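Each remark here refers to the structure printed beneath this line.
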Amino acid sequence: MVANEISFLPWPDVPVMPATPARELRRQGQQTRSHARMAQIEMTADQTPTPHRPEGPDPAGEWFGHPAQLKRLFTTEMWERFGYYGMRAILTLYLAKHFLFNDTTSTGIYGGFTALVYLTPLIGGLIADRYLGSKRSVKFGAILMAVGYFMLCFGGDAAKPYATIEGQRYEVTVTKTDAGEVRSVEMNGQRLEIAGNEDKSVSLKATDGTEARRIAPGGFESDGERSPLHITILLVGLSLVTVGNGFFKPNISTIVGTLYADGDRRRDAGFTIFYMGINLGSLISQFFCPILAESVGWWAGFGLAAIGMTFSWLLFQFDGGRLDGYGERPAGADPRKDWLIYGAALVCVPLFWFLFTNLMAYVPPAAGEGLVGYFLGLPIMGKLMFGTFLLAVPGILVWALAAGSRVEFQMMVAAMVLIVFNTVFWTLFEQAGSSLTLFAERNTQLEIGWTRPLFAMFRASPASYYLFFAILLGGLGWLLAWFFGQGEVPETRRKISLGFGIAMLAGFGGMLYARTQGFGSEPVYVMPAGQTQIFNALFIVTLAPVFSVMWNALARRGVEPSIPVKFALALMGVGGGFLLLVWGAQFADAQFRVGLAWLAGLYLIHSMAELCISPVGLSMITKLSMARIVGMMMGVWFLSIAVAQYVAGMVAQVASVETVGGQVTNLKVSLDTYVGVFTTIGWVSVGIGVVLLVVAVPLRKLMHGVT
């Protein structure tokens, strides 16, 4: 979800990662198993208890049949995810509307930030395993993240817009009218409204609507006058969140793993409960933070995220001794190195600040410079990520060819191929927080009435009702998951399935009845654009049990799709989501806005695609990798996700449109631009998925039975 980023535990086996979330477990539960394996290796054959792992939980203190400590970890993680997803939901809009960065800069910063967020846990987990221990790492990371969120509250006054017209600067005035905000400049004593044209020229219109002057393409540029101090505060805040995340994310999941002894059947169910906290925190924050940012101010949205992160730290710091003996410092680690590590982490803050400033100064290379020129023109962050990834993949394969057997090499080839396809998937999926959020802000009908929440916004298309009934059937699917899931799905999840199924059927049934009665012609709620990211979280929560039951049923019949086929379905799904939105764009209203249901439909398909790829990612890597380099291959896997986040920002930059004072100058040009980009990436993704589907059989042979 995400946005992104919601995570799940597949029933009843291993944790499913995010989405928005499937990405979460990829980064968390998956790393948990890695750290747990390291702990198991260090233990003696007779399972001698260690400070990092006590003998077991106190049977007298349990929470839903699990160690009582799980409750504290559940709430700690819930509030941490509350802060992170709440901040992420409004970050791109904050950059574009408060600081008045153009689309290229806004989406570039967002992509760079999320890339580092996925990269730093690799180092944070290693430091915890060798020096600090998981508990100290989580506490330190929570403090850094809370401070970072609070710093984002201090954005100062909004940037002052100005326009440079044929080399001369003019201050831009923003006037609010019944029809919306109007941007204008004063020229020769006359106030002229700025309006973009389809040929990318700009018209300056007099108060009577006549064109007073037309600026040729390239002769008009807009920007904002910003406070260098507040930009520094912004980038330092993001850097603190990035560093803190590296210490927090991989290690709280590790502590959950230490609550259970080897062979404890409650382990998977415990992770299921733990990741419910992630889902709950992200759902709540993605609802409330955008509302506060829209109605009160950006500081309120980030402030709520900061409060959530502070709660997380307080719950963990003052645990009343509940976590004593869990996640302690590794045996033999020197406590005197703690402050050295803390200091080194703080030194990374100005380093990341430098990477962000370098990223902001990036100017796309001119056409015709070629691949080498394009790579050399990338920001430092891009060079480091692409360079490392492009060297690691062939380098490891060459080593595997020389050091491994024929079978091991073939399995490594299969792993690397799937890693590359995984990068493509997350590149497109992660448009949620950047280009899709800006699309929601500019070209989506966000007004919601009693009968308009989803389906009634497609006034022009009878086909829209098919989507309505598809979602209605989703509610029925939840009821079926509840009915047939006995013995496969934990009772708690079955009850949740029942509740969600009834709620969906009742909600959509009520909307259909209201529609037939003619109620709800006027909007009663305007959805903030950042809030649209909540669709992914909702669909993940709704569909995860359905997919779990479906995969189990197919497996019992021996027809469950192979891993390559699931990857192919995910790629075709993420592309299909964009194509659905493109189809809906032809039914845009007179203001060039697309019905909200089309955007919700995109998130529905993307969530289904995510549930095809997320549960198998890390498990696939650990099974296909040579035993001597499993840890390194996991690093390459997470590096591929970080690269995907960065490339996602680059893809979003292609969809950039001209803005003045944070507002597009021509909504038709904006819609056409998004439709063009979404059409391209949609068909490319579907095509790549088809290619993977074609090569799935030979690729499966290279996997030698790994499923």
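Positions of Cβ are set from backbone N, Cα and C atoms, glycine also.
Please treat TrEMBL annotations as automatic predictions, because they have not gone through curation.
Beyond its flanks by at least six residues, the transmembrane segment (107-128) meets 23, 27, 31, 34-35, 88, 91-92, 95, 101, 134, 136-137, 141, 238, 241-243, 245-251, 254, 341, 352, 355-356, 359-360, 362, 379, 381, 385, 430, 433-435, 438, 635, 638-639, 641-643, 645-650, 652-653, 655-656 of its own chain at Cβ-Cβ distances under 8 Å. Among the features that TrEMBL reports, transmembrane segment is placed at 107-128 (among others).
If you look up TrEMBL, you'll see 140-159 (among others) marked as transmembrane segment.
According to TrEMBL, the transmembrane segment annotation covers 229-248 (among others).
Residues annotated as transmembrane segment in TrEMBL: 269-293 (among others).
For 299-318 (among others), the entry in TrEMBL reads transmembrane segment. Sequence-distant contacts of the transmembrane segment (299-318), counting only residues of its own chain at least 6 positions beyond either end whose CB sits under 8 Å from a CB of the stretch, comprise 72, 75-80, 82-84, 86-87, 90, 94, 138-139, 142-143, 145-146, 149-150, 152-155, 281, 285, 288-290, 292-293.
Here TrEMBL flags 409-429 (among others) as transmembrane segment.
Per TrEMBL, transmembrane segment is recorded for 463-484 (among others).
Residues annotated as transmembrane segment in TrEMBL: 534-555 (among others).
Outside the transmembrane segment (567-585) by six or more residues, the chain places 418, 421-422, 424-425, 428-429, 443, 458, 461, 561, 594-595, 597-599, 601-606, 608-610, 612-613, 671, 674-675, 678-679, 681-690, 692-693, 696 with a CB less than 8 A from a CB of the stretch. According to TrEMBL, the transmembrane segment annotation covers 567-585 (among others).
Residues annotated as transmembrane segment in TrEMBL: 597-618 (among others).
Within the chain, the transmembrane segment (630-654) has long-range Cβ neighbours (under 8 A, six or more residues past its boundaries) at 23, 26-27, 30-31, 34, 103-104, 107-112, 114-119, 121-122, 364, 381-382, 385-386, 388-389, 392-393, 396, 415, 419-420, 422-431, 434-435, 438, 617-618, 621-622, 624, 677, 681. As annotated by TrEMBL, transmembrane segment applies to 630-654 (among others).
For 674-699 (among others), the entry in TrEMBL reads transmembrane segment.
Pairs of Cβ atoms less than 8 Å apart link the transmembrane segment (674-699) most often to 409-429, out of 229-248, 409-429, 534-555.
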